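Structure first, then comments.
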Amino acid sequence: MQRSPLEKASVISKLFFSWTRPILRKGYRQRLELSDIYQIPSTDSADNLSEKLEREWDRELASKKNPKLINALRRCFFWKFMFYGILLYLGEVTKAVQPLLLGRIIASYDPDNKVERSIAIYLGIGLCLLFVVRTLLLHPAIFGLHHIGMQMRIAMFSLIYKKTLKLSSRVLDKISIGQLISLLSNNLNKFDEGLALAHFVWIVPLQVTLLMGLLWELLQASAFCGLAFLIIVAFYQAGLGRMMMKYRDKRGGKINERLVITSEMIENIQSVKAYCWEEAMEKMIENLRQTELKLTRKAAYVRYCNSSAFFFSGFFVVFLSVLPYALMKGIILRKIFTTISFCIVLRMAVTRQFPWAVQTWYDSLGAINKIQDFLQKQEYKTLEYNLTTTEVVMENATAYWEEGFGGLFEKAKQNNNNRKISNGDNSLFFSNFSLLGTPVLKDINFKIERGQLLAVAGSTGAGKTSLLMMIMGELEPSAGKIKHSGRISFCSQFSWIMPGTIKENIIFGVSYDEYRYRSVIKACQLEEDISKFTEKDNIVLGEGGITLSGGQRARISLARAVYKDADLYLLDSPFGYLDVLTEKEIFESCVCKLMANKTRILVTSKMEHLKKADKILILHEGSTYFYGTFSELQNLRPDFSSKLMGYDSFDQFSAERRNSILTETLRRFSLEGDGAVSWNETRKQSFKQTGEFGEKRKNSILNSMNSARKFSIVQKTTLQMNGIEANSEEPLERRLSLVPDSELGETILPRSNVINTGPTLQGRRRQSVLNLMTGSSGNQGQGIHRKAAASTRKMSLAPSTNFTEMDIYSRRLSQDSGLEISEEINEEDLKECFFDDVENIPAVTTWNTYLRYITIHKSLIFVLIWCLIIFLAEVAVSLVFLLLFEKSPRQDTGNVTKSSNNSSYGVIITNTSSYYIIYIYVGVADTLLALGLLRGLPLVHTLITASKILHHKMLHSVLQAPMSTLNTLKAGGILNRFSKDIAILDDLLPLTIFDFIQLILIVIGAVIVVSVLEPYIFLATVPVIIAFVMLRAYFLHTSQQLKQLESEGRSPIFTHLVTSLKGLWTLRAFGRQPYFETLFHKALNLHTANWFLYLSTLRWFQMRIEMIFVIFFIAVTFISILTTGDGEGRVGIILTLAMNIMNTLQWAVNSSIDVDSLMRSVSRVFKFIDMPTEEIKPSKPVKPSKEGPLSKVMIIENEHVKKDDIWPSGGQMTVKDLTAKYIESGNAILENISFSISPGQRVGLLGRTGSGKSTLLSAFLRLLNTEGEIQIDGVSWDSITLQQWRKAFGVIPQKVFIFSGTFRKNLDPYEQWNDQEIWKVADEVGLRSVIEQFPGKLDFVLVDGGYVLSHGHKQLMCLARSVLSKAKILLLDEPSAHLDPITYQIIRRTIKQAFADCTVILCEHRIEAMLECQRFLVIEENKVRQYDSIQKLLSEKSLFRQAISNSDRLKLFPHRNSSKHKSRSKIAALKEETEEEVQETRL
């Protein structure tokens, strides 16, 4: 960044903002980069401002029982705030003085008052000087207030962030992500530009008092008629505002329904294409859009009437003020024109400035109170440690995550009793709700010496993670004591990657030691992964390390924990995402060897780990089930240990399944020991539905950090179901639009209307910060740990408000170590962290965009022509009247003037009455122009219709775009087009265009009238208009680029907050809060640099506009004074209209800039509409299907299938030289893949994580850029359409897709099948019992990714879709990744039965599933290494041979059948596993 010219600028340069000229010149000539932006002044740095406010807030906290944040702000900013307020008041006072001078000028032209004619020129100079003074006062004052507002926002931003890092975990569990983002976005944004309006709350009453005093002198009591009318207009506008809010509230729900489906479609676009659901999704979204647009139109009409009210009130306020006085006493023109000028100022003050000021104070004080409450919340308390302690001791430790649960339990129980469930089962309730008031940990005791390994195991939700949190001090014990040195290192269960290099993530601010670093890299098996990157360990990782696989992220997190030199290492299930071989190697080399002399506590469920641990602690339901050595476990609990070791290959199971088995075993033995509750009662599954369909689930922050901790405390009830606290009065649409640009995009979306109160929702809590920290969003498809293939899409849900697509950090802050923080920003590194495409659209909206927008809807052209015709007609009529009255005979001046002055006439008569009538007509014409009912409503209506067409075209384009194009985009960027940009097209653009057209036509009309009255003025008008157009074009190039850079700079602030929250436990464990506060301040300073420069250039432009007009007004004043003879009416009309033109023309120019800015949304939409389509025309003609385009049967005109017209008939696949890429210009992910599959054969895909197994399945569906050929039953994929090709496959994807809709819609979106057929399939896959327990059965509405269903049930839904599709080839991509044994057996059985004659291609990590395959395709380094039977693979040295255990190997040879039978009997022992485990095993 460059040093700012402001530092060396002179007073004159600062006053006129001339120091911004270099950036304006550069922005006009070329595209601005971040390197062109000026550094911020030191007074605006986040460090200084936050320190200043923090000091005052601490003083406030120390001195008072009820501290007030506004007092701290007052002490920091009050005097500057008042100084600029006084300048603003003086500038506004000049507006009240100007009409007095205007009146004197008009009076000097009275034929009977020739004495004053000589001073008219001096009065004109005085009037012009007032304009100059006003310009010099108002602009610095407005800029100064904007600047103070910016400083207040920065200081409070920093204060909130620092407080967030200090909050206790209990508090974080009660705060939603939406609330935090709301504090930092909607609430604080009110200070930036709103502060300039705040002073009008006292300026307007003083101004109105002054104006009414001056009007009283002119019109006496009748002046109050005009004021009364303006007050009525203000109340009328307030009523319209309330009506508009009512429509917006209704519409907000409809918009959110549409955005839910749209976001689900975007996030799961690969599944939508795989299922061929493009038409169904398009129809579903368009239907919702239609309903939404009905309410949009109503709201737009109300807003139109509100906008028109301001325009037409101008004429009536003058009319009502003047008419009573004129009828009673008569009136002269001087009073009329003076009154008109006063009323213009009065109208703006009463109907605009004062309501805006009141709203600003209301919003600002509300925001300050919210921030004040937040800043007083309970903080995290650091435990007192003894640094000389070498042992870790816990004595009788008991802890609760949440307090006051007893009352909540009673209330929820009462609610349940009062609510009747439709199936009549009133006992359906939380089966584990009795645990609600129980501690998460109870009477825990253990002691480990230095260098020992304690293995912690236990059932799901037993409190394993909570135990580590209590040791770290995150969870405060309510009883007992903990003793250790306090030098802790921590590895979270869900890996957290901060933006930066791999090296920075591992070192994490600790001093760099080359030998230690290399040892850790080697022990964590990262050497091979790092060697694959061109920049090795200096590669910059973006958003959450999304370009890495889950295993790579897990190993980097582990390496970070191991690299730190600590006394105690807390490892929370660090191996969950590693394959069996890698896990074994890391455990041996890292945990057992490298850390041999360190004290370690490892959360694990592996028998191998338990055997090697010095001590074992097994937890169950928060209590100690066993503590001792492994040999003691075998002696004291022989039944338990033998049960676990009785499972074949227990350690080979996935971590989820091991936890499931462990949970079931512990519960079985604890129940047998206690004999308390019957097992069947415990496994009852249930749910309940809220009374109000719109009630939504609580989305608190602690959940986001730790939904995966799966506490035995259960889902909250309807008391806390919203994204904001239950008692929040914030409007619905406001809370639903505040979302971070992160992977946890669900806060943008409305929550479900269904609350599951049974075990199926165990572990799925609100979207809280605690959930965020453990990386579980709770919504399938939005989890953090994505596989390598999926991660390349870089898709995460983004905000709909104020978010552009930029990754968290504006730069890599340290090149070598996280210890040092550079002061200079490296722009190259900044570009690397830009995760989304920077908008590649021109700085100024092109004429082509305007032309496309106008022609998108034919009626729009006719409406614009109609507007022009009406305007020309109005101007023509006004000119005719003007010419007629110009030629009308004049009356005798003497008697009439005397009579007028003596007020003997009760009517409006003067010698220049013709001019007065002309002005009355001009006022009426302007009013008609402003009211514009004949053109305004059709214009607004047509522009909304254009928005409808654009949305339809964009939706169709996105659904038909190839994945290679979508892979280059970010889901947040796509969703922003459908949310933010469509909202602009619906709401802002129509009214802004209407205002712009209104203002331009008013200015043109006024200029024509003035020019006709005084032709010389037209000569002055032409250069002024040219100057305006040139100045606008000059400024627009730079301002739009600065605004874009400012928008891009805003996203890192919010993303940094979310990133910090995800890793909050890690930050605290490593003591890196100051480092991350510095990073946050850097992100704030980057945004401030852009915003401050934008504010400065905007003020430069506004000031130049006013200066040009002041010159124009000086010219008009002297032309009219010097060229007008005896005609006070002509001078009055010219000067009054000229003064009116000034404000209107400035407004019009600003509106034109707003239109250009909003049209960028249209440009972005057109960019999406112009995306390529993926449809590939078949090389051979295709005969249409007999049953229509949605038929389950494809009839292909092909020589291979003429005898049997049903295709595919057998499922034979031949793959020849298949090469696949994610994007056309990218590297090949798969190269020259060739093999063939016989009909009905089962083929397993083998290979390491990231080898391309999932990619191959995507290539079969033509979801990637592919070369080569695939044939199914002799039909080449080039000879048929994409839809026909994809319908040949049944798909069970790794990422389960359940969209918001009924069960029926989810199973059969095209409505091809009747209920009988759907129920038959539901029976086959074991879904009937699940569906029947919901009210409405097939018509029950699933929302929020089907969160009421377990992951296993969702997989069964996918299976049912495949059965209904009648596909002959089934593709399964790790279908059992998160399944419990019961659901897994159902899926295996169904596949065997329903797809007995089908070809099955399976990508799976479970050994027992792979054993059923006849052949295996081994993929290594993007190529096929082997394609053989499993027996042949085992006879050779291969990766598969190393991974498979001896017991599994036995199943493949002569005794295979009996072995299989034995295996089944063991799995059958789990038949009593409850649905709770099914839910708990999912991520």
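Cβ atoms here come from the backbone N, Cα and C positions, even for glycine.
These numbers come from a predicted model, not from an experiment.
Identical topological domain names are assigned in Swiss-Prot to Phe191 and Asn268, which places both on one side of the membrane. Swiss-Prot marks one residue of Asn680, Asn802, Asn911 with the annotation N-linked glycosylation site, and that residue is Asn911. Cross-referencing Asn901, Asn1457 with Swiss-Prot, the residue annotated as N-linked glycosylation site turns out to be Asn901.
Screening Asn386, Asn895 against Swiss-Prot annotations picks out Asn895 (annotated as N-linked glycosylation site).
DSSP classifies Trp401 (ATP 1 binding site) as coil under the three-state reduction. Each of the recorded positions Ala462, Cys524, Cys1398 was scored by other CB atoms within 10 A of its CB, and the lowest score goes to Cys1398. Across the candidate stretches 123-146, 993-1013, 1016-1036, the maximum count of CB pairs under 8 A to the transmembrane segment (78-98) is reached by 123-146. Sequence-distant neighbours of the transmembrane segment (1133-1153) (same chain, 6+ residues past either end, Cβ-Cβ under 8 Å): 98, 102, 105-106, 127, 131, 337, 340-341, 344, 348, 915, 918-919, 922, 992, 995-996, 999-1000, 1002-1003, 1006-1007, 1009-1010, 1013-1014, 1017, 1028, 1032, 1035-1036, 1039, 1102, 1105-1106, 1109, 1112-1113, 1116-1117, 1120, 1124. Comparison of 123-146, 340-358, 993-1013, 1016-1036 by number of C-beta pairs under 8 angstroms to the transmembrane segment (1098-1118) places 123-146 first. If you average pLDDT over the domain 'ABC transporter 2' (1213-1446) in this model, you get 78. Of the candidate ranges 123-146, 340-358, 993-1013, 1016-1036, 340-358 contributes the most Cβ pairs within a distance under 8 Å of the transmembrane segment (196-216). Cα spacing between Cys1398 (S-palmitoyl cysteine) and Lys464 (ATP 1 binding site): 44 Å, rounded to the nearest whole number. With respect to their backbone Cα atoms, Ala462 (ATP 1 binding site) and Cys524 (S-palmitoyl cysteine) stand 28 Å from each other. Counting in whole angstrom, Trp401 (ATP 1 binding site) lies 33 from Cys524 (S-palmitoyl cysteine) by their C-alpha atoms.
According to its DSSP assignment, Gly458 (ATP 1 binding site) is in a strand.
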